[in-house]
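Single-structure report; data block below.
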Amino acid sequence: MMKVLVVVALLVTLISYSSSEGIDDLEADELLSLMADEQTRKECIPKHHECTSNKHGCCRGNFFKYKCQCTTVVTQDGEQTERCFCGTPPHHKAAELVVGFGKKIFG
């Protein structure tokens, strides 16, 4: 009976040690992820700025991430080029308006 208790205690100790190592690894990975998110936030493209070269790099607005909206521009020479900027799509503007109105009514 004593041998069984020693083996169980040893197993519990090993399991708790391995799980604490896993938690430490998870915390380190989470910290790296948070640092990467902060770096991305610093490098994101603000609203109304050009995003032609990086169409997925727009920053987040109050509720939604800005979308890269593109238009075709025709120069005086007749040459067509695509120009893009970060902005809020109409359906996101409507949702923000409804949420803002709801906050004013319901506090």
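For all residues, glycine too, the Cβ spot is worked out from N, Cα and C.
Some features that Swiss-Prot has for this protein:
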type	residues	note
SIGNAL	1-20	signal peptide
DISULFID	C44-C59	disulfide bond
DISULFID	C51-C68	disulfide bond
DISULFID	C58-C86	disulfide bond
DISULFID	C70-C84	disulfide bond
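When other Cβ atoms within 10 Å of the Cβ of C51 (disulfide bond) are tallied across all protein chains shown, the result is 22. The Cβ of C58 (disulfide bond) lies under 8 Å from the Cβ of C44, I45, K47, C51, K65, Y66, K67, C68, C86, each on the same chain and at least six residues away in sequence. Cα spacing between C59 (disulfide bond) and C70 (disulfide bond): 16 Å, rounded to the nearest whole number. For C84 (disulfide bond), the same-chain residues 6+ apart in sequence whose C-beta sits under 8 angstroms from its C-beta are E50, C51, T52, K55, C68, Q69, C70, T71.
In the three-state DSSP classification, C84 (disulfide bond) falls within a strand. For the disulfide-bonded residues C59, C70, C86, the ranking by surrounding Cβ atoms (within 10 Å, all protein chains) places C86 first. Counted within 10 Å of its Cβ, the other Cβ atoms near C44 (disulfide bond) come to 18, all protein chains included.
DSSP assigns C58 (disulfide bond) to a strand in the three-state reduction.
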